[in-house]
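Colleague: Copied straight from TrEMBL:
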COMPBIAS  250-265  compositional bias 'Basic and acidic residues'
DOMAIN    48-166  domain 'DUF4397'
REGION    245-265  region 'Disordered'
């Protein structure tokens, strides 16, 4: 796989179009307004949750027995919250149910590198027809990006999709190669408009998915491949798509400086 920071840890075009949501200072898709527990603040480490399991209901997230996120629907990436680095027992519970009814329980280590943010990604299937339900704790690299450059991370969370290559532009330059389910990695590209095409690894004749994206300089993105390639007979009628989140935006002062420099030229 090309790109930087490839990782796999144990741990939407929706309806035919690309969904772009902002994760800076708010919730990136939909999130409950009634959270039952706030994590410690001013720890220097932040984490968020992504519900990427197409056949799972809306879920609550429990950390060490306490409910910290409530009613997260499929296709949602929540806002960031502070969390003290450490080892935690995570339970994923159907929204409103008792923790004893958890569909997933795992122990994860958060904040191994406290200079990075964290992402708890719930992916796979409750039915486990293609992939078992699991939680991945991934590092979010939201460090500053040079003006004119965008940092992009891909996360393969489509249960029935094969390993894929992601190519961009008319020359079909490979951004990522051989990305298997549960894998992720970063790369940096010049800002601009890109036609993106997803192919099964090693097959440039048959595309899985095509979409146009606009990537802004100084911005960090995550592209989550979610849903089913084949919905017929699947545990849920959730089609394959790309959920693109804006994870970090340029510093406002840097942005204003960049705009002044552009006008000067």
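A Cβ is built for glycine as well, from the same backbone N, Cα and C atoms used for every other residue.
Keep in mind the model is a prediction, meaning the values are calculated, not measured.
Looking at the shown structure, what environment does each listed feature sit in?
Modeller: Averaged across the domain 'DUF4397' (48-166), pLDDT for the predicted model comes to 96.
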Colleague: Of the residues in the domain 'DUF4397' (48-166), how many are helix, strand and coil by DSSP?
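Modeller: Once the DSSP states are binned, the domain 'DUF4397' (48-166) shows 3 helix, 63 strand, 53 coil.
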